[in-house]
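As written in Swiss-Prot, here are the features:
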- 2-241: domain 'ABC transporter' (DOMAIN)
- 38, 39, 40, 41, 42, 43, 44, 45: ATP binding site (BINDING)
């Protein structure tokens, strides 16, 4: 569906050339939600703006739906852009136009007649959950409602691809989840390919099928989201995964609990996919003569399956504890000893 081959973007500056995207290679399948994550300055925004040619690549080739979009110009490029919708961090709405008029705007530009425009706008208002707000102006809307308008406008011309440029970064956590749920619903209903960039691992976890990690213009790691959570390869990827698995509050809680258990061992278990549903602790207590205390745990869902972690205290004879740990390994659960007496 989308193919990037050795794509490079270099900006000219007084201080010298700046390579924003450095030999990027990506393949994004039709109908998937693909995330690109990186910190500020990683090259994410430059990368996504190459997809619809808001930025031209310095070198390399970009193919979308069997069309080499990096090689076309003029009317052919304008037509291609109608098949690629885009939403932005700060909404980019026309403040002098109502919700209906904002959504209708790309249809006007495309030359769609008035009756068809009206029908399409009604469909989109219903799709994004803005019934009753069609005559409101952007200044009368909440941040989440503004982004819903942006999504509806981006879908006006029935695009095959939706680009999301930090679309939830300006929203509070609750509204972020609502917008992510909407994007997930649109993806399932319309079979739309969604490419989003973000610096928040929560966004990747919640809706993406696969993820690419960017650092200093390079794509340093790609893979299914669950695989990346299971086995991050790069240091930057490990830091992003730790945003969810090792929060500061969680670490402080674990440290305070460890002080209460000077004997035995404190271990962290990582459950991925089907392992989440295995009765690991039940089997552990059945086959081991040790005491098992649960100190802390959480389970979360990704588009590829569940993952979770459990911090437990094992107390008993050293030999029995070691046998218990070996038994956990046999259950194919990842284990880390984080403290021992």
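Placed from the backbone N, Cα and C atoms, the Cβ positions cover glycine too.
Since this is a predicted model, take the numbers as computed values, not measurements.
Here the features listed in Swiss-Prot are painted onto the structure.
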{"residue": "38", "record": "ATP binding site", "Cβ neighbours (10 Å)": "24"}
{"residue": "39", "record": "ATP binding site", "Cβ neighbours (10 Å)": "13"}
{"residue": "40", "record": "ATP binding site", "Cβ neighbours (10 Å)": "7"}
{"residue": "41", "record": "ATP binding site", "Cβ neighbours (10 Å)": "14"}
{"residue": "42", "record": "ATP binding site", "Cβ neighbours (10 Å)": "24"}
{"residue": "43", "record": "ATP binding site", "Cβ neighbours (10 Å)": "23"}
{"residue": "44", "record": "ATP binding site", "Cβ neighbours (10 Å)": "25"}
{"residue": "45", "record": "ATP binding site", "Cβ neighbours (10 Å)": "20"}
Could you check what DSSP calls residue 44 (ATP binding site) once collapsed to helix, strand or coil?
helix
On the 0 to 100 scale, where does the mean pLDDT of the domain 'ABC transporter' (2-241) fall?
94
So, three-state DSSP: helix, strand or coil for residue 39 (ATP binding site)?
coil
